[in-house]
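Please read the structure below before turning to the comments.
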């Protein structure tokens, strides 16, 4: 069950990418430390929500085991993470949507709690992690009432989550450059490098 001290949120794990850096493999299903990457994220966030959404564009039957609901992009050409965010916002059951990428298994509960607690400080605005001055829009907390504004930006041709969220008054959770919790294990080399790390 979700922690009652934190705002009720839906959680979206983005696993709908092309996996180009992995030779076209489905990143969320690649194993790391004996489990698919998606399983590490699911195990971490499951206690925080009763509305866990996975955005995926293939292997839906395998992803179903890790989600309450699956969403897919409305285009077959892998249009990018903003498409998955739109799909998640469209079905989210809670006032907030916490967005995470499937290839970041080193993120921890403390960082997610920090992000969720920030919601009370600016309840009408999105929050993003900012690592060494670099915005990280795929680690974000978005009020679901902004869905229509995000949809409008999409219709205007914007495909960048950062470009869409910043004009909506996005606030930052600041992290030091190189924070290992945000490591994206999106190449075979990075998977190998982080394999022994806990």
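Keep in mind that glycine also has a Cβ here, set from the backbone N, Cα and C atoms.
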| query | Can you tell which of 51, 68, 73, 74 Swiss-Prot lists as binding GTP with 14, 15, 16, 27, 103? | reply | 73
| field | For the binding-site residues 73, 103, the one whose C-beta sees the most other C-beta atoms within 10 angstroms | value | 103
| request: Specify the secondary structure state of residue 14 (GTP binding site) as given by DSSP, simplified to three classes. | output: strand
